[in-house]
Amino acid sequence: MEWNPGFPLSIDAKYHKDLPRDIQFDSEKGVDFVLNYSKAMENLFINRFMHMFQSSWSDFADFEKIFVKISNTISERVMKHWQEDLMFGYQFLNGCNPVMIQRCTKLPEKFPVTTEMVECSLERNLTLEQEIEQGNIFIVDFELLDGIDANKTDPCTLQFLAAPICLLYKNLANKIVPIAIQLNQVPGDENPIFLPSDAKYDWLLAKIWVRSSDFHVHQTITHLLRTHLVSEVFGIAMYRQLPAVHPIFKLLVAHVRFTIAINTKAREQLICEYGLFDKANATGGGGHVQMVQRAMQDLTYTSLCFPEAIKARGMDSTEDIPYYFYRDDGLLVWEAINTFTAEVVGIYYKSDQVVAEDQELQDFVKDVYVYGMRGKKTSGFPKSIKTREKLSEYLTVVIFTASAQHAAVNFGQYDWCSWIPNAPPTMRAPPPTTKGVVTIEQIVDTLPDRGRSCWHLGAVWALSQLQDNELFLGMYPEEHFIEKPVKEAMARFRKNLAAIVSVIAERNKNKKLPYYYLSPDRIPNSVAI
């Protein structure tokens, strides 16, 4: 069914209980969002703030009242350092939305930054143009948010969105720092370019707007559309077109476990009209739907191929950009999955011809293209697969999206978003239109009120929890395959993954900010939360 116009098609079921028994959750209680939120509120000791729904916090220290009992090592570092440019830049590489930053090869006309503006940030005695030529300038553009309707579900609280553009610089220490921020897309007197040399609170508020915009794109596009909804498309096509004895069914079934169930539950309680999403998010009340409809234009097959996606953003050089752990770990995991799928494909398909002649396989691939991608040529999704190599790449996309990509963008939500000024789910005042007027009081009044802060905290906590009976990458407890060669391939896969776990653990050893979301022992097999 079409849940909303322009969305990938999803399962034709209104409620979790309507689903076929074999794709429902073992116990529905574990994934009842309403229950989980309430549980989160209790666990986080934040119930007492809920009745103060409309009231502002008094200052940043006030946020700590709900935060102190529930922080972990990363979220505490975020709380202590969130105002620093280094921490701001680091999150574009290794926070929970590490997919937006790209190398800037030419300044867009809509963002007229000059060398004079950013001179004091540049450390190499070069002009801005020369820095761009040398590959030291990066850009993040939240154009997708331009013109999206802000949440109007609560008549007592106006909420606001912006569509910022942020310029970043790789300094001499190879760290990425912000050097210019414009809060909306069309340059002009009422849309100034904010700079690190501006008054402290002007610059801080500009960065908070970027963090809030990043939160919206992360939740709705990076997380919901590009892992949850895409994995559901693969899952439905698999159940519709591949019989349970088909080797590709046997390979993929563990990677779509509970995905259709969690998405149905989300449509029932979370992202529906008057759902939990509307309570605290500026993109609630329909904005999130507009965002997905727009982002479908950019949802291409190659953008789901991890190495291609990294390259397309000009972020592939480990020499130039050494601290991009999302890229480094992601490539290792992608490679391990690709090696494994190629081995399995080699066992069942002795030639390209056998692939091309497998009608059930071709029907599966076509189903994804016709129903998931709505038959859009521009999506670049194949209508058929003719070679063994293409097939193993396709299977790698399915498995990587459901496991590694989802883990990278889901399980860091509590770490990075629980300190509310670092990821405000809504803003209660419009973006500033002039410089030199922002005060700390204004910032606190712009940030979410107490009630919305609590809803947001409950959400990021509930979404970051693993399932009780979680199955991690490489675990295939239901023995669908009985053939010895496949079991041997699985054993090699697990061995490769274990080696990656060691590499990541070694790198993280003395890090104040370890990066572990893509360590295979923390990557669930499927999108199930």
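Note: Cβ is positioned from N, Cα and C throughout, glycine not excepted.
Note that TrEMBL annotation is computational and uncurated.
Per TrEMBL, Fe cation binding site is recorded for His223, His228, His406, Ile529. Residues or ranges marked as domain 'Lipoxygenase' by TrEMBL: 1-529.
Annotated features, which come from TrEMBL, shown on the structure.
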residue : record                 : CB count, 10 Å
His223  : Fe cation binding site : 22
His228  : Fe cation binding site : 21
His406  : Fe cation binding site : 27
Ile529  : Fe cation binding site : 20
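The average pLDDT computed over the domain 'Lipoxygenase' (1-529) stands at 93. Excluding the listed site residues His223, His228, His406, Ile529, the same chain places Leu224, Thr227, Ser231, Ile262, Val409, Asn410, Leu463, Val527 with Cβ atoms within 8 Å of the centre of the Fe cation site Cβ atoms.
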